[in-house]
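What follows is a short report on a single structure.
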Amino acid sequence: MPKNSKVVKRDLDDEVIESVKDLLSNEDSSDDAFKKSELMVDDPEEKDVDVEEGSDVEDERPAWNSKLQYILAQVGFSVGLGNVWRFPYLCQKNGGGAYLVPYLILLLIIGIPLFFLELAVGQRIRRGSIGVWNYISPKLGGIGFASCVVCFFVALYYNVIIGWSLFYFSQSFQHPLPWDQCPLVKNASHTFVEPECEKSSATTYYWYREALNISSSLSESGGLNWKMTICLLAAWVMVCLAMIKGIQSSGKIMYFSSLFPYVVLLCFLIRGLLLNGSVDGIRHMFTPKLEIMLEPKVWREAATQVFFALGLGFGGVIAFSSYNKRDNNCHFDAVLVSFINFFTSVLATLVVFAVLGFKANIINEKCVTQNSEKILKLLKMGNLSQDMIPHHINFSSITAEDYNLVYDIIQKVKEEQFDSLGLKSCQIEDELDKAVQGTGLAFIAFTEAMTHFPASPFWSVMFFLMLVNLGLGSMFGTIEGIITPIVDTFKVRKEILTVICCLVAFFIGLIFVQRSGNYFVTMFDDYSATLPLLIVVILENIAVIRIYGIDKFMEDLKDMLGFSPSQYYYYMWKYVSPFVLLCLLVASIVQMGLSPPGYNAWIEDTAMEEFHSYPTWGMIVCISLMVLAILPVPIVFMVRRCNLIDDSSGSLASVSYKRGRIIKEPVNLEGDNTSLIHGKSPSEVPSPNFGKNIYRKQTGSPTLDTAPNGRYGIGYLMADMPDMPESDL
């Protein structure tokens, strides 16, 4: 027997109970056939199972057609709308190019290590999030259920954003674009510009009034917006059709949905760089403000962006990796996908600020023209002296530099009277400092810039098609984070579950396509995911490192990868990542407590946003979202800790294990001390590795291997058998 074997020969009446992992560790290192044999525990009424020696039989789990398809799926899930409309905003807000430094540091500290951890556990155990955390620690099995709940909440409103993009996409096949000019209103006497539009802008008016037809408060429902209802239905139909066959259908679609956004971003970057003022935007973007890096808020926002950019805690990463072969190099995948995500964010930032620089120049030119006309009027009225104006200034074709020269002269001469003149400085930097994020960037700022593009409908079609693809890639991973764990755990048909899930989500999602729906999107975005996901990932880290064991996990990685991972990950997982996550959780709670809970409501009369606090029922909904998302964790813990569910009844099976062959016999467990393996039927205990549930034996357990949740796990009673040589064990 191997020197490190844990099996000790005993008499027939001496019982030795080992876990599945311990038994497998006792194999003869030179016995390749044993390594490739597989343990299966089936119902007693089924036929005997015979696994041929040397076979590589696994449960009938789908697999990716190629490594490229898998990488594209992970990239599609991690690269989403946040890369386009969240990262550029944070970069501009938190020090420009200097923001990349804390982002990269936190990507290396928490991003890549935790992404690697989720990839590894999914690939090792080959189950969705529920099965993975049930296997590692049944008491913490609620982690998987919590991930599913969060995925469902996020899917509800994330698909609404895809619906918005579909609406704008459908409206882009017009010239001029419908949001190019403010609409005209006719009455009996004359025609005039719509007042709400005139007070804001054409794109702002179109977004709030034509697209959303938004109400003035959360409490004012206003009924369903039928245009957005149809778009939401179309979005859910697309997701359902893509996901109904699992990775066999969604995997093929990934080739388009994951790669097309890069084509569009590159086209936009090339086009953007040819526009007047684009360089000003990029220069403003990457001018580092190093002093801002010292603020804790910058690091908190960078950590949050890293956390959500990679999709940690959703279960989608685990679900996708569970369809891999066990010897796949998931470390390479983790590093590759993480840096693809980062460079995508940088690419999107270049595109956004090239376009915003172009838009800022156009606005600045209008500002210069309007204020030059004001100066001419003031000169005619005698409020300003002609002597103030340099002789080379020509107001009919004045440049921004000349206007700034005149502005500075007038400001110095007039001093106290200057404010009453109503002149503006017209600085490009001032316009670029008004950076927006989220829907404001995509549906207002970007759409306004595209109206000035040559062939603007073409660019609008490309842009919103890109948003649809980015959203769908993330939706596939989010829905997979719901479907895969439930299918693995409850053995339901994936097609039926997918249709039911999409139907239920569509009908619940109708609250987001009311006239007040945009306010509910804000509510869900702020409260349904942030804190619950942080808690989920902290518990994931604890479950793997503390309960399963960091040393055992590193051995598993060595067995899977064929090499020992760097000790860097050992220290990150054990010390640094948990500490950083806890700090981020505390900072997020403090930030949530300091920020007044509320939303920005659109007021029609003033054509401006106005902050409103949530009503009492709105606060109850916000709190309920957070509680419901994390509630499965304590419920499952208490149920399994207190044995509240008695499932000890049911048929048990005994399986005699010999080299390369499994022979199953129904037995009565009581009084049978000669059986090698005791297990439950597959309908009662699903396994993470072998198609049925297997629990690791804990130190000091009684004679029968009782799983932490009170169920009978699969224990091993090894005896010295004369007819079985040691090498067969």
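Going from the start of the chain as shown, residues are counted 1 onward.
Keep in mind that glycine also has a Cβ here, set from the backbone N, Cα and C atoms.
According to TrEMBL, the protein carries these features:
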- Gly76, Val79, Asn83, Asn341, Leu470, Ser474: Na(+) binding site (BINDING)
- 40-56: compositional bias 'Acidic residues' (COMPBIAS)
- 23-56: region 'Disordered' (REGION)
- 674-707: region 'Disordered' (REGION)
- 70-88: transmembrane segment (TRANSMEM)
- 100-121: transmembrane segment (TRANSMEM)
- 142-169: transmembrane segment (TRANSMEM)
- 226-247: transmembrane segment (TRANSMEM)
- 259-282: transmembrane segment (TRANSMEM)
- 302-323: transmembrane segment (TRANSMEM)
- 335-356: transmembrane segment (TRANSMEM)
- 458-483: transmembrane segment (TRANSMEM)
- 495-513: transmembrane segment (TRANSMEM)
- 533-550: transmembrane segment (TRANSMEM)
- 571-594: transmembrane segment (TRANSMEM)
- 614-639: transmembrane segment (TRANSMEM)
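Apart from Gly76, Val79, Asn83, Asn341, Leu470, Ser474, the Na(+) site neighbourhood in this chain, defined by C-beta within 8 angstroms of the site C-beta centre, holds Val75, Phe77, Ser78, Gly80, Leu81, Gly82, Ser258, Pro261, Thr344, Gly473. Per-stretch counts of Cβ pairs under 8 Å to the transmembrane segment (142-169) identify 302-323 as the leading one among 100-121, 259-282, 302-323. Counting only same-chain residues 6+ beyond the ends of the transmembrane segment (335-356), those with a CB under 8 A from a CB of the stretch are 71, 74-75, 78-79, 83-85, 87-88, 91-92, 100, 103-104, 107, 111-112, 115-116, 262, 265-266, 268-269, 272-273, 275, 278, 281-282, 284-285, 309-310, 432, 435, 441, 445-446, 449-450. Only sequence-distant pairs (6 or more apart) were considered; of these, fewer than three Cβ pairs between the transmembrane segment (302-323) and the transmembrane segment (259-282) are under 8 A, so the stretches are not in contact. Long-range Cβ contacts of the transmembrane segment (70-88) within its own chain (Cβ-Cβ under 8 Å, at least 6 residues beyond either end) map to 64, 161, 247, 250-251, 254-255, 257-259, 261, 285, 305, 308-311, 316-317, 320-321, 323-324, 333, 336-338, 340-341, 344-345, 348-349, 352-353, 435, 437-439, 441-442, 467, 470-474, 476-478, 480.
Each of 100-121, 458-483, 495-513, 533-550, 571-594 was scored by its Cβ pairs under 8 Å to the transmembrane segment (259-282), and the highest score goes to 458-483. With a cut-off of 8 Å between CB atoms and residues at least 6 apart in sequence, the same chain places Met254, Ser257, Ser258, Leu472, Gly473, Ser474, Phe476, Gly477 near Gly76 (Na(+) binding site), listed in sequence order.
Each of the binding-site residues Asn83, Ser474 was scored by the number of other CB atoms within 10 A of its CB, and the lowest score belongs to Asn83.
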